[in-house]
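Visitor: Sharing the feature lines straight out of TrEMBL:
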- A:D88, A:L89, A:T90, A:R118, A:Q132, A:D136, A:R279, A:Y283, A:Y284: L-histidine binding site (BINDING)
- A:12-334: domain 'Aminoacyl-transfer RNA synthetases class-II family profile' (DOMAIN)
2 protein chains.
Amino acid sequence: MASLKQFDPASGTRDFLAAEYERRERAFATIRDVFSRYGFQPLQTPAFERLDVLTGKYGDEGDKLVFKILRRGEHEASGEADLALRYDLTVPLTRAVAAYGSQLPSPYKRYAIAPVWRADRPGKGRFREFVQCDLDIVGSSSPLSDAEVVLALYDALTSLGVPEFRFMVNSRHVLLGLLDAYDVPADLGPGVLITLDKLDKLAPEAVVAELVTGRGLPREAAKGLVDDLTAPDADARIRAELKSSATGQEGLAEVDRLLELTGDVIPAERIGFSPNLVRGLDYYTGIIFEVAAPGMPGSIASGGRYDGLIARLGGKDAPACGGSLGIERILPLLADTDADDYAQTDVAVTVMGEDLAADSFRLAAEIRRAGVRTGVYLGASGKFAKQMKWASDQGARFCVIYGNTERDAGVVTLRDMVSGEQTEVPLTEAAAELARRCAPTD
Amino acid sequence: MASLKQFDPASGTRDFLAAEYERRERAFATIRDVFSRYGFQPLQTPAFERLDVLTGKYGDEGDKLVFKILRRGEHEASGEADLALRYDLTVPLTRAVAAYGSQLPSPYKRYAIAPVWRADRPGKGRFREFVQCDLDIVGSSSPLSDAEVVLALYDALTSLGVPEFRFMVNSRHVLLGLLDAYDVPADLGPGVLITLDKLDKLAPEAVVAELVTGRGLPREAAKGLVDDLTAPDADARIRAELKSSATGQEGLAEVDRLLELTGDVIPAERIGFSPNLVRGLDYYTGIIFEVAAPGMPGSIASGGRYDGLIARLGGKDAPACGGSLGIERILPLLADTDADDYAQTDVAVTVMGEDLAADSFRLAAEIRRAGVRTGVYLGASGKFAKQMKWASDQGARFCVIYGNTERDAGVVTLRDMVSGEQTEVPLTEAAAELARRCAPTD
């Protein structure tokens, strides 16, 4: 009853064959290159952490999505877990900051591009193993740090070639000021923000209704809030509304400062104040942002300032801000025409007889030393036509033929696999000639 | 009672800060580069597999070392596992070959450099999360494939700069022929080989004793075997001994062919016939090899031909051979003087006043665009001495000073952080000048 299914990877996970693997690695290399040009440094933590490091950090819903690892040996029968796969890259960061604080530069600018695991229900574009690309600055409360994070993400998205993305910027203080201005009781605040976060998915009336019936807000306040946030002139209306709130004024100053600091680098059409941006997570304390791109619902990057989080996660208190590229959502947006024609080798070396095999390996070694990807024919049948088919299947651009005729003449025959043209080259010059022919032309 | 311990990574796992991370990545990049020059292509499989894919594949001892993942949601209470972290890269390879066989080139030459997890007792140089570097050729029974694997590993070790390593080559058929020649009953064969594998650790007499009392071999046969394998002229003695065994003759031909095929590339002092090489694993069917290096007990690379294994693991039967670099044992052997002076940035840009911060970001953006790693000062205090200390702590080679004086004159001041020398450069030429100064000189 063997079916193909039995050889599939586990539900929600993926195998990456060469072409797709290379495509992903190229994107990661671009991001790493940008992040390191900004002076962020890599941190690699293990795939799993002790269970107590992870539990209680992601709320009840998040905790359910953590993959737990069974205890081993005599303890396996207990059915208990003692380890768990990392759920994100932020908790491991806070553990590392706590462990190595004194060895780390201050502020500590770190990036990490690595898989995380969540036991989510697998679906279109939703995986149980997926890569996160995070960068964070720990130990600086300066608005310059928020700007540095936004600039690095902007640069990464531009370098990747993501078309027409846009940063939407807000501050938690703007939102808190707005709640102030509408006299929303402090204890209703968090719930109201969660509902307002749905403005990008629900109709305004539906959000008003939920604010009234679900959150207990007076109808007038609910309508006022939603009207302000969805008005075409929301920016101006909210600036006016916030005149009375010190918190609101602080938030506007944060947003304006970020736009000013990044304004010489990021064009105005790529970034702006979005007072209706809320962000679901409640740990943000200042600037928040998301990046939208045409053709992709939701955001392709996001982040903000989270000054209290490190202490909440068990570390020493330190101001922090950061951002994350949603690389699994970004990859489908990238034009990458190379993806399908992955070539295993550039040069294919034939084996024209058992006694010539060692010569073929020596030739291949010389060509490889010249930096060219080279395969030697490894089949059982040495038939010429079969070797040509193999060379062509490999995607080789040139084929090296070295038979008795060539050996006697001290030459090799180079065959252009596209034109079929064959030229003889002195044996000692073959490697250099192939390196020249295979050099990138652009 | 918080102790540093509580922030350590889980037992047997490691965090890699920037310097060590970069050192490891450089080695992996060298290996990837060599393997792909040989026409091996990457395959990436998920960190975990369905439990049934892994169990029963590693023997009783191996099975105990597999990290199992607890079922989730309502099934968590059952204490049962349904997934497990990969224990090696070979079983995932066989699953992928079974799943994608028709899409893969034939023979399929794949490499993988990736972590695996084993619940071993952690110790010096023994980790629960460690990287394996494997390359394999599936679908070719040609001796040329064994040669290609050995050549690629030789090239990788040379490119890494491992000093004075040596390939020890043998064939399972040589060992079986030897058992033949000493009339060892077939059913005692596997046990005898496991004992003979201890010749590199135990005294010859101890091995003889174990062969007699533990394996039930007549004393004369045991002594003959051990004498032959440990004699200074073992090569010649064993060749003579094997004259009577067809299997032995086949094995010698395999070894001689491998030495011939690689002989034009690998110097004679770096490879040789080692009749007393046994290899613990019982799945090898032809050529086997290990690589030894001075200063490192045990082997730093190993491999061989394992024609029956893919069928045993549940895949379609296919001939296969491969090898693995023990990268965690190789890394300590590499001289790498850069490791300790990891520099976060090459250029440090000061912020000489709140109103000049946007200019500093624009300047940094230009320098980064020129390919130079650049940090902007993100501290709260803008004091000059503090900024210079920060630049120096970062390992920056140059510092960019852009204050009101510089702005009025349309220049920037570049400070050489080693000599302390300061020069003024026109604002528009600063990025190009720094790119020139920071370009690699070798």
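Heads up, the Cβ atoms here are built off N, Cα and C, so glycines get one too.
Automated prediction, rather than curation, is the source of TrEMBL annotations.
Computed from a predicted structure; not experimentally measured.
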Visitor: Give the sequence-ordered list of residues that share a chain with A:Q132 (L-histidine binding site), lie 6 or more positions from it, and have CB atoms under 8 Å from its CB.
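Guide: Result: A:D88, A:L89, A:A112, A:I113, A:A114, A:P115, A:V116, A:S324, A:I327.
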Visitor: Considering all pairs of residues in A:D88, A:L89, A:T90, A:R118, A:Q132, A:D136, A:R279, A:Y283, A:Y284, annotated in the record as contacting L-histidine, what is the maximal C-alpha distance expressed in whole angstrom?
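Guide: Output for L-histidine binders A:D88, A:L89, A:T90, A:R118, A:Q132, A:D136, A:R279, A:Y283, A:Y284: max Cα distance 22 Å.
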Visitor: Can you check how the pLDDT averages out over the domain 'Aminoacyl-transfer RNA synthetases class-II family profile' (A:12-334)?
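Guide: That region's mean pLDDT is 93.
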Visitor: Validating a neighbour-count step here. Other CB atoms within 10 A of the CB of A:D88 (L-histidine binding site): how many?
Guide: 18
Visitor: Do any residues at least six apart in sequence from A:Y284 (L-histidine binding site), in the same chain, have a Cβ closer than 8 Å to its Cβ, and if so which, in order?
Guide: A:R172, A:G304, A:R305, A:Y306
Visitor: With Cβ-Cβ distance below 8 Å and at least 6 positions apart along the chain, what are the contacts of A:T90 (L-histidine binding site)? List them in sequence order.
Guide: A:D134, A:D136, A:L309, A:L313, A:G322
